[in-house]
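A.B. asks: According to TrEMBL:
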type: TRANSMEM; residues: 35-53; note: transmembrane segment
type: TRANSMEM; residues: 65-83; note: transmembrane segment
type: TRANSMEM; residues: 135-158; note: transmembrane segment
type: TRANSMEM; residues: 191-215; note: transmembrane segment
type: TRANSMEM; residues: 285-306; note: transmembrane segment
type: TRANSMEM; residues: 318-338; note: transmembrane segment
Amino acid sequence: MTRCSLPSFQYFGRDIFELLGNLRVWSCHSRDRRVFHLIFVAYLFALNFLLIISEILDVGNYHDLSSFAAHINPLFLHFLGLFKWSYCIIRRADIVGLVECMERCHLLAQQINLQDVDCWEYRLKLNRCQKYSTLFMNVWLFVAIGGVCQWCTNPIVYDFYEQYYSGKIIESSAMRRLPYPGLFPWEINSISRYVMCFAFQLWGGIASTVGVAVFDILNLTFMMYACAQLNHLKDTLIAKSEKPDESYNKIQIHQLGEKLMRCIRHHCQVLIFLKKLEEFSSGPMFVQCLGIIVALCLISFEASTIQFNGSIEPVMKTIMMFEYWCSIVAELFLYCYMASELGQLVKFNYLYSTDKNIFPKDK
């Protein structure tokens, strides 16, 4: 029985699991709320799917490479969001397995050190991880949803600018722009139909970007807590290995050996967790990396074809492409940074877990 007794891992990640529960990726609510969230998620899924279908049916309006690039980028983003969200729901059992594996890591981490001060330091690491993961969740959702809303307001800005500053008269709703290219089974010949199509594309775009964000939040949160586990193990090994050489009796050597075995069990459990996380996320990450390569190529090509003719459309298009490029770079940076940290910590703990670094040298 250890003196270090902390709440479960789910307690420290309660904000993340609350979000996942709302999106049907994690079950943590009452029956009534589950039914409500099921209806809401099904509604968003339907809008996202229909938005993809309408964009695919609009393939006949690809007149040149520039229009092709302008159509493919949003189509891929909407497909990626639907794929990631569906993947998380279908693989919910794997997510439960990852959480259970992290719970075992959390329990083994508490068993390494029996002192109150070590337990307090471990809790500080988890609280810091909770703070950063919640901050990332809020910022990433704001950036994702805010980016879609800004993109969808561009047609309104274009029409407003042309009508009030360029003197163009918009005689019918059919002349108004929509946020995304798409083909509809009806003619947009009234303001009510235009508003309906606009709202359909807005909510379909929000659904897709939420799907992209929820996978990133889940994946990076798991990586953050794995880093916290390995950091705790690293600090434990350093604290023990940096003690000055002294005479160890048999009891002390036995206690040190037991502590080392607890560190090894904890380290092995973290490696098992990382292996499961890699198996869970490898498919979506491959699709995303492939799509990012295509998206960056299309963005570069589309940027090279923009002609600044004094209208507001080239300026807005350039700003949106730059923001889209920044979001891709930020996402790649976060994944590369977390993967680099995990790799360094795994190697560091392996080196410090050898006899020459832990046990005192013979005098």
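A Cβ is built for glycine as well, from the same backbone N, Cα and C atoms used for every other residue.
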A.B. asks: Considering only the recorded stretches 65-83, 191-215, 318-338, state which has the highest number of Cβ pairs under 8 Å to the transmembrane segment (285-306).
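C.D. replies: Looking only at 65-83, 191-215, 318-338, the most contacts with the transmembrane segment (285-306) come from 65-83.
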A.B. asks: Is it the case that the transmembrane segment (135-158) and the transmembrane segment (191-215) touch, counting contact as three or more CB pairs under 8 Å in which the residues of each pair are 6 or more positions apart?
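C.D. replies: Contact between the transmembrane segment (135-158) and the transmembrane segment (191-215): present.
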